[in-house]
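Novice: Features from Swiss-Prot:
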{"type": "SIGNAL", "residues": "1-27", "note": "signal peptide"}
{"type": "DOMAIN", "residues": "28-210", "note": "domain 'GH11'"}
{"type": "ACT_SITE", "residues": "106", "note": "active site, nucleophile"}
{"type": "DISULFID", "residues": "119-138", "note": "disulfide bond"}
{"type": "ACT_SITE", "residues": "197", "note": "active site, proton donor"}
């Protein structure tokens, strides 16, 4: 969900701890998970077999929603997508989104966003270059907030693309490996989706996931 902590700097040590190897999971079975958190706040439709979904929301959306398609078990496999995404004046993300079971963490690889950059109000971890662009990387701790296990305290990880885009291939492993230098578990994955999230304003998205 959205990040609200105050921005703080972070010194990066010269020698990083050993990084867990990413877990590769076969996706031969195709998309098998529908993310529908408060999809009733807009018009959410999807075709799981085709790997497509759409979300339309009107100004005055009353709460946070996260909708999308993906996999019951996440991995560091690359994800290729194409989208039509419009969120001008909306606090919204178009992102690879998912959870790690332990240490519990929520993560976003933000490809495009509306009027709010989550790294503007979180702890900076620096930058990582991937897929033709620099990504700002940041983290936040959420205390007693909704999670995959109910209400809990967990860490959020964000990579926010500076040269925003609405189609391409996301090399997920590049982000997981960078985050792992800062406590990201890089294993024991819960679900992973290509998602749209918003909690204000109006917007629309039509997304196709091809891998």
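For all residues, glycine too, the Cβ spot is worked out from N, Cα and C.
For the listed features, I'd like the structural context: burial, neighbours, distances.
Specialist: Cβ-based neighbour count (10 Å, all protein chains) for residue 106 (active site, nucleophile) stands at 22.
Under the three-state DSSP scheme, residue 119 (disulfide bond) falls in the helix class.
Other Cβ atoms within 10 Å of the Cβ of residue 197 (active site, proton donor), summed over all protein chains shown, number 26.
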Novice: Given the recorded positions 106, 119, 138, which one's Cα is the least distant from that of residue 197 (active site, proton donor)?
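Specialist: It is 106, whose Cα lies nearest.
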Novice: Once the chains shown are all counted, how many other Cβ atoms turn up within 10 Å of the Cβ of residue 138 (disulfide bond)?
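Specialist: For residue 138 (disulfide bond), the count of other Cβ atoms within 10 Å is 28.
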Novice: Other than its own, how many Cβ atoms are within 10 Å of the Cβ belonging to residue 119 (disulfide bond)?
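Specialist: Within a 10 Å radius of the Cβ of residue 119 (disulfide bond) lie 21 other Cβ atoms.
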